[in-house]
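Encoded as structure tokens, the structure appears first; notes follow it.
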Amino acid sequence: MMPTSEQIWSQGEAQEALHSRATKIAAEQFGNAVFLRGVVEVSNFCRENCAYCGMRRDNRNLARFRADHDKLAELIIHHRPASITDINIQSGEDPVVVREVVLPLINTLRRETPLGISVCLGTLDDSLYTELKNAGAGIYIIKYEIADPALYSKMTAPGTYKERIEHIRRLSASGWKVSSGFISGLPGQTKEELLSNFALARTLPLDGCSVSPFIPGDETPLSSSPLASIDLTLNCMAALRLMKPDWVIPAVSALNLAEPGSGYRRGLRTGANLVTINMTPSDVRGDYLLYKRDRFIMTEERILNAIAAEGLKPSRQGLAAFYKTRAGSNSCAAKTIATAA
Ligand code: 5AD
């Protein structure tokens, strides 16, 4: 069911009712279990120039880095938080790091760990997608960012709108599980544009979708624009859960920038069923500039506390394993997925 504007802009009791419905649906679908994934950010080189992102190529103030395979492998194999079942390898749009670090790292991790592997690496050539999949990655995270083509190009979001959507479709058609997402509260976003994100998400072959609150990023042309409303963002997450009960919906770390201290917890109360623990080595973390230099780092302890406080539990089954057991693929998934617990 498509969300209504009454839902998206609800307040007070109507908003509470929306959020509890979303929480209940997620609990029924996933048996109170939340997926825990680690993320390593492997490069902040980026050939894109998104107006909202601090890693944009025009940001000359940023010290660019590429991670070292051996260091990361050691970290993930021997020092990862015990609760994670999956790892997401993320970077700016940097084909060099894909060849030099990501592909070897996936091979190593497949050999040495049982972790499911997601990647979030931008729009790449088909041949690289194939190599990544053959190496053992199964989930591709590629946000469509903005549903309105005019706003997409105004924000100089990655490549072109058309290309981005084509890549999402192609990835899914070639066997990837695809998770996408959009930004709420972006400067210039109209009510219609915000709603059209749901219409778009519904038509795409997705297995998951995120909502990120717009953060006026340091060192971007939008640094003095207003921060997204946390309530609007949470309402969007809840509406997404109502629209697609079986999708994997993350509580993104930016929720805590939109509402320090509690944003993340509230995400778990609006139907999110995936959380991410940041494992990027601390010496380069500050340069992975999606939002602010002063990053809010999600540690395992913070996350486990938040999950327990919401009456939820870490999923013992990994995300990659969960997708495998789910009947069929995206868009025609089984209704009840109690095995996630
Ligand atoms: N506010 C919100 N989301 C952002 N992203 C990048 N910069 C911002 C920002 N300032 C999101 C984009 C991108 C993902 C990695 O981070 O959706 O795809």
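Using the three backbone atoms N, Cα and C, a Cβ is placed for every residue, glycine included.
Just so you know, TrEMBL annotations never went through curation; they're auto-generated.
Listed features, source TrEMBL:
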BINDING   Cys46, Cys50, Cys53  [4Fe-4S] cluster binding site
BINDING   Ser118, Thr276  (3R)-3-methyl-D-ornithine binding site
BINDING   Glu145, Arg164  S-adenosyl-L-methionine binding site
DOMAIN    32-269  domain 'Radical SAM core'
Response to the item:
The answer for which binding-site residues (Cys46, Cys53, Ser118, Glu145, Arg164, Thr276) have a CB under 6 A from ligand 1 is Cys53, Glu145
Worksheet item: For Ser118 ((3R)-3-methyl-D-ornithine binding site), what residues in its own chain, 6 or more apart in sequence, show a Cβ-Cβ distance under 8 Å?
Response: Arg37, Asp86, Ile87, Asn88, Ile89, Ala137, Gly138, Ile139, Tyr140, Ile141, Ser179, Leu319, Ala320
Worksheet item: Between Cys46 ([4Fe-4S] cluster binding site) and Arg164 (S-adenosyl-L-methionine binding site), what C-alpha distance do you get in Å?
Response: 16
Response to the item:
Listed in sequence order, the residues of the same chain lying six or more positions from Thr276 ((3R)-3-methyl-D-ornithine binding site) whose CB sits under 8 Å from its CB are Leu36, Arg37, Gly38, Val39, Asn88, Pro250, Val252, Ser253, Met298
Item to complete: Calculate the per-residue pLDDT averaged over the domain 'Radical SAM core' (32-269) and state the result as an integer.
Response: 96
Worksheet item: Cys50 ([4Fe-4S] cluster binding site) has how many other Cβ neighbours within 10 Å of its own Cβ?
Response: 24
Item to complete: Show, in sequence order, which residues other than Cys46, Cys50, Cys53 on the same chain lie with their Cβ within 8 Å of the centre of the Cβ atoms of the [4Fe-4S] cluster site.
Response: Glu48, Asn49, Tyr52, Gly54, Met55, Arg56, Arg57, Gly92, Glu93, Pro158
Response to the item:
When the binding-site residues Cys46, Cys53 are compared by other Cβ atoms within 10 Å, fewest goes to Cys46
Worksheet item: How many Å separate the Cα atoms of Arg164 (S-adenosyl-L-methionine binding site) and Cys50 ([4Fe-4S] cluster binding site)?
Response: 13
Fill in: Same chain, 6+ residues apart, C-beta under 8 Å of the C-beta of Glu145 (S-adenosyl-L-methionine binding site), given in sequence order
Cys50, Tyr152, Met155, Ala157, Pro158, Arg164, Gly181, Phe182, Ile183
Item to complete: Tell me whether Glu145 (S-adenosyl-L-methionine binding site) sits in a helix, a strand or coil according to DSSP.
Response: strand
